[in-house]
Amino acid sequence: MVQKKFCPRLLDYLVIVGARHPSSDSVAQTPELLRRYPLEDHPEFPLPPDVVFFCQPEGCLSVRQRRMSLRDDTSFVFTLTDKDTGVTRYGICVNFYRSFQKRMPKEKAEGGAGPRGKEGAHAPCASEEAATESSESGSTLQPPSADSTPDVNQSPRGKRRAKAGNRSRNSTLTSLCVLSHYPFFSTFRECLYTLKRLVDCCSERLLGKKPGIPRGVQRDTMWRIFTGSLLVEEKSSALLHDLREIEAWIYRLLRSPVPVSGQKRVDIEVLPQEVQQALTFALPDPSRFTLVDFPLHLPLELLGVDACLQVLTCILLEHKVVLQSRDYNALSMSVMAFVAMIYPLEYMFPVIPLLPTCMASAEQLLLAPTPYIIGVPASFFLYKLDFKMPDDVWLVDLDSNRVIAPTNAEVLPILPEPESLELKKHLKQALASMSLNTQPILNLEKFHEGQETPLLLGRFSNDLQSTPSTEFNPLIYGNDVDSVDVATRVAMVRFFNSANVLQGFQMHTRTLRLFPRPVVAFQAGSFLASRPRQTPFAEKLARTQAVEYFGEWILNPSNYAFQRIHNNTFDPALIGDKPKWYAHQLQPIHYRVYDSNSQLAEALSVPPERDSESDPTDDSGSDSMDYDDSSSSYSSLGDFVSEMMKCDINGDTPNVDPLTHAALGDASEVEIDELQPQKEGEEPGPDSENSQENLPLRSSSSTTASSSPSTIVHGAHSEPADSTEVGDKAATGISKPLPPVPPSICKSTVDRRQTETGEGSVCQRTYDHPYFEPQYGSPAEEDDDEQGESYTPRFSQHASGSRAQKLLRPNSLKLASDSDAESDSRASSPNSTVSNNSTEGFGGIMSFASSLYRNHSTSFSLSNLTLPTKGAREKTTPFPSLKGNRRALVDQKSSVIKHSPTVKREPPSPQGRSSNSSENQQFLKEVVHSVLDGQGVGWLNMKKVRRLLESEQLRVFVLSKLSRAVQSEDDARQDVIQDVEISRKVYKGMLDLLKCTVLSLEQSYAHAGLGGMASIFGLLEIAQTHYYSKEPDKRKRSPTENVNTPVGKDPGLAGRGDPKAMAQLRVPQLGPRAPSATGRGPKELDTRSLKEENFVASVGPEVIKPVFDLGETEEKKSQISADSGVSLASASQRTDQDSVIGVSPAVMIRSSSQDSEVSNSSGETLGADSDLSSNAGDGPGGEGSAHLASSRATLSDSEIETNSATSTIFGKAHSLKPKEKPASSPVRSSEDVSQRVYLYEGLLGRDKGSMWDQLEDAAMETFSISKERSTLWDQMQFWEDAFLDAVMLEREGMGMDQGPQEMIDRYLSLGEHDRKRLEDDEDRLLATLLHNLISYMLLMKVNKNDIRKKVRRLMGKSHVGLVYSQQINEVLDQLTNLNGRDLSIRSSGSRHMKKQTFVVHAGTDTNGDIFFMEVCDDCVVLRSNIGTVYERWWYEKLINMTYCPKTKVLCLWRRNGSETQLNKFYTKKCRELYYCVKDSMERAAARQQSIKPGPELGGEFPVQDMKTGEGGLLQVTLEGINLKFMHNQVFIELNHIKKCNTVRGVFVLEEFVPEIKEVVSHKYKTPMAHEICYSVLCLFSYVAAVRSSEEDLRTPPRPVSS
């Protein structure tokens, strides 16, 4: 599953292996490399010299008497894996025995005096018997058809003859092998059999031309020369000519084009069409299973289901496994089958399908300390006498069908139930289906004709979607082997996605970084705690490297078939890997290896002559010596190995002498002369269909040279129409359960999909995100409609091409009116991130906070919804119609808490959930209000508060309101968090709440952290920064009066006597919550956010406006949004090294204007009818508030919050301290805090203070709250889990996890400088949180050695870069001298980000759909009105931007692939949006101005004038456009160009001609039309920018009016 690099070669090498001088005296010889093609090594893949041992694992065997057996003509597969890069190459080998004759006296002179004379003299002359091989290697291998193979040995009983007494004949093993990066096993095998047949046929043809020479000797000669045993110069010109053409055939085969996954197939004609059909090479697209070109169910047949699952358990749990068998083919394919069966997991350790017996020191690989899967021949351990098998290796004997456990093996855990029973049932059904007489559904010939069986397909679809998943029945696929393989893989995927195995896996992963490669932490403890049934198997599986790597791979998966299976798509026609299911949908490339003008055609047409003379070997072995070379024919395996050991086989890596061709002079003549048509043949032939079917036509069309192939690139001709028809039929059948979708809708989607990816139908691409729905055991208890949505693939899409249905929301939000029309969120591109449209696999009590935890990493959250692909965007109206869905917009939110139970519980009604959630929030608001007013929590409320705070989202909700720091926009960008003074009464109430929160965190930790524990960062920030002073005058002050501390003033004195400050703090916005229509449970929070990932515009009758207590004059002033959200503190975006974490409160401005269009990043939802722009910080209040804090209800049109610097999960950011330390020092400056009592001291059990204080403390304590220090602080796993949760939240807040697939793709496309900047951002985020983690652990008096160990482990786990890791190490080095509050808290990077959001309408007026356009640091994000990311336009892709103040329309030109697209938006704040984007782009350009120059202006392009047909050059210069043709030259000045655009490959230029005062249109046909248009637009932008800057310099400053 590793993303493999594209290899431009279909075949890397073709080699011939055997013995150059076969010996009749020994059973086995050292195998030698006899021929290799090409002669030179490829730079990135030299030919490994030990390939000879893999081709002949037990040596080059020889035998005297031939006995035909299944091993006489065999093929098998091996792999060669590069130990440095991990790249795997496949070897496909065909082994056969060619006969040779013992050296006779008359042959001594045969060598002549040539350079190989001596060698030839010792070479035994052989009469070739290879042409007689026709037996198959078993049911799994298919050599060529009977008509293409000589049949001399087809009837051994009738072929028995006595041998001539003067001939003692031997046969020697010979191997033909192909090495390739591509696993086309069956087709490569056919190529090798074809090569063998060509040599055999040429040998047969020579029999009639040399009547004086015995037939056997003459037939021998061809193979002896081909294998290098005889000199070329001595042989006849006819033989050399044949060999030359055979070698030219090999080189043409090596130059075959490579198929493109999901787009192009290659049809290779290796022999004339009437002799053998063309071989098809095709790769499935990523939405299908990866190609497995062998019987994957083979281990199930050989071992049985139970034993096979036992071996799979060993493999999954990382035990060492060795398989052995006499049959190489069964051995290697079984190993590869086991590896393929664990998909979507990947085996992370060495895999060697075939380890040769005769290779020296091969047994040392079995001593490796790591797990492995290795296949060895049955002779391996007998041959390695001195080797002792390690006592921890599981041995699987495929011949005896036994699994032998090692001596000290631990007992394998049994697979969990009921999943195990289901898996066994499905596997047995799949195997049983092969014994039935039912016909397979799909027919290969009909597929090539573009036909299908819609009746069966439709029935399958209806059955599939109307029955529970446990009714899965592989019999529906028919009884063909390929469908059984698909059924086997489907059963395994469904097993992994079951509740007791890996379902819900991604809920427990935390993305730590994406660049330079993804790093994901897997929280195994919470994962195991979420299993419905605790099993040893799941516990051990969770600790394996395969599961850990799966978390990284799933961020940007290279294959999506498992997601389609999770969405109940099982049909092989949709997910199958074999070309017969999809080849008809691909563009064909026809390539001819065989030249019909070659004289090889004559040899192929000669009927094989079979007489008694031509069969010198008795198949029955009935003459004097009953001796066979095959190990299977020995009385025992030991006898065979004993004979092998008598032979002198050198198993060391051989030193290969430079080889030559058998007859061909130089390969270059083949490559240049013969393959030139491939470069030119881009257009389809005039009648490519006929040229395939009619040999005379093809022959006449390729009249170049006798050895030159005619390479034909077929056009689409009639196939696209047929494949569209197939797609339509398939789509119609599949979408039958969705009656509202007319066939025309799916058809339009099919057409678009074909043009995009070449795959038949977008309707087939319906896979949900992994591990969401329960697949095994009892079905989840849900409402019928919700379960239907969860299990029903949605293929519908608007006929107009809109993407409205691609914008997902939880199923509970889907209303009955639009659930059918709602489509999947995935784009049709194979590389698109796949988003899930269901949250039903996990518990019903989901809230604002928990959803972020659940969705943070890939495609779960709205923030990560797939962006549309090119095809999805190219519509007449580029934006979807979102009208009609607005009722569902309420409560659409990103999640904060990712953990939740996997097993579903019966949820209460939506009204009940919404009511409970609102009541809980309102209750906690009142408690917080009471605390901030100095009235405390209250004895009667304490029990309920404790119970409610067991929910992480409610913990964050309360902590966000407790944090009492006021900030301005400038304060938000400061680095150090200021202390906050509160009154003693407020202190007491806050301490009670914090202690309740700690108790609830203890409860969460006891349940393995389910629900998340990042709130501890917010709690400890409050504890470290909030204090009361013991001075008498300060003890009489108001509870929250002094929170606003201006920079440079003593925090203890600032704000005194300021009534407004008191009013602000006393009136947090505690309006009642809007009832949630879709709450997941009683603890749900109805939260909304302008956050980049999760903006939600909620409109509807359920929304209740908040209640404000402020007077009219106060409404217009800046207020503290007490319920603004909090987000995790993280790395600062600033460049100075000491930028640190803190939190900032959302400042809310309530505007009385109904037309207000400014809203600065609040945690609130904007009214959908108002035209707003939000100056949103990416931090806590805006970004973070979306994650962790519950905000007040939706604002009305006039209630818009502004908060440019937003709060974080840790509460609000505090005012800057009067004295800042230099950036190099992490330690806080010393100050007089002797009279201050901080909240953290109460958490530790305060040991200072008067007796009166202690008595008062005791009186304030409740029976349920302990004064002692919690033991939670000593649990290192708790700190690790809290850190991982915090990283996830901060990444969400900074927009680092919005569509990880797109982010990774962009990273790979950037230059080195930009990549480094992105890596630095991630390092800074991680270092900031690690710094704060150290500070909090110090605060709670954690053992300092434990701090060092844990932080260093987390630092290594996060792969923090050298610069930032050095900073953390410096802090750890000073740890001995640090205590308590000595280490300052760094502010979060999310709070340093500033984003502005504007409400826009698609099109030129307000009739267009509403979108929210967010202007970020490096891109513009377009969100739908439910907060889903619709588009993300990176600044490097924007070409031009203009606006019209009169029409209020903004025009954006952007580069989309190779095309330039124009998008128009209407907004009342058109001018502000324009300058906002312009300023942001200028800042982005300034970051790389000195390092990365922009693209050069202008360029030259070939064009053809549409009027005259004349060709020429179009030059774009700074002065204008210059057109050069053969007979004339035209120059068009820049100021005369009125318009330019492209229309289907035609560049249209409109020129204003001053002489005639008219506009003249010029049209030029060119394949570079888009490049020309792009170049002209860049030129206009450049000229406009230059003129603007010049005007600014000339314009004098205006006098200021008095």
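Heads up, the Cβ atoms here are built off N, Cα and C, so glycines get one too.
Checked against Swiss-Prot, the residues Thr703, Thr1040, Thr1135, Thr1202 yield a single entry marked phosphothreonine: Thr1040. Looking up Thr149, Thr1045 in Swiss-Prot shows the phosphothreonine annotation sitting on Thr1045. When you go through Ser466, Ser691, Ser1156, Ser1384 in Swiss-Prot, the residue listed as phosphoserine is Ser691. Of the candidates Ser62, Ser710, Ser1196, Ser1204, Swiss-Prot marks one as phosphoserine, and that one is Ser1196. Per-class residue totals from DSSP over the domain 'Death' (1295-1370), listed helix then strand then coil: 61 helix, 0 strand, 15 coil. Mean predicted confidence for the domain 'uDENN' (13-267): the pLDDT average there is 72.
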